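Okay, structure first, notes after.
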Amino acid sequence: MELVRIFKEHNVFGWISVGTAVLSLLLLNLAIISNVTFYSYQMLPFAMAAVPFGVVELFIKRGRTGPGLLGVILNLFVIICVYTIVSVDTNLQFGF
């Protein structure tokens with residue numbers, strides 16, 4: 001029960017989500033600067049896996065947390081950007 005209290009008080013899941021989003025954004029910048037699609041493919045699983053952490057944080061704190069919401073928004077932004085970059089670079093039609 002102590003671990004649950006620590007996770008709840010310190011927004012652990014929200015900060016994990018935000019940290020993953022920041023790392024994904026840095027990798028996204030690297031992919032754009034170097035013009036290599038491979039980096040985009042590497043970052044996508046991290047951004048997709050971090051979204052549930054932010055959602056869990058929102059449910060734990062009942063929507064009163066900044067890191068959880070920020071993590072969800074940033075990771076969804078990363079996922080949309082990655083799909084756009086990959087679809088443009090590889091001439092795939094993802095609907096963008």
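Keep in mind that glycine also has a Cβ here, set from the backbone N, Cα and C atoms.
Taken from Swiss-Prot as is:
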TRANSMEM  12-34  transmembrane segment
TRANSMEM  38-60  transmembrane segment
TRANSMEM  67-86  transmembrane segment
Worksheet item: List, by number or range, the same-chain residues at least 6 past the transmembrane segment (12-34) whose CB is under 8 A from its CB atoms?
Response: 6, 40, 42-43, 46-47, 49-51, 53-54, 56-57, 60-61, 65-72, 74-75, 77-78, 81-82, 85
Practice prompt. Quickly jot the same-chain residues contacting the transmembrane segment (67-86) by Cβ under 8 Å, restricted to those at least six beyond its ends, or write none.
Written response: 11, 13-18, 20-22, 24-25, 28, 31-32, 37, 40-41, 43-44, 47-48, 50-51, 53-58, 60-61, 92, 94, 96
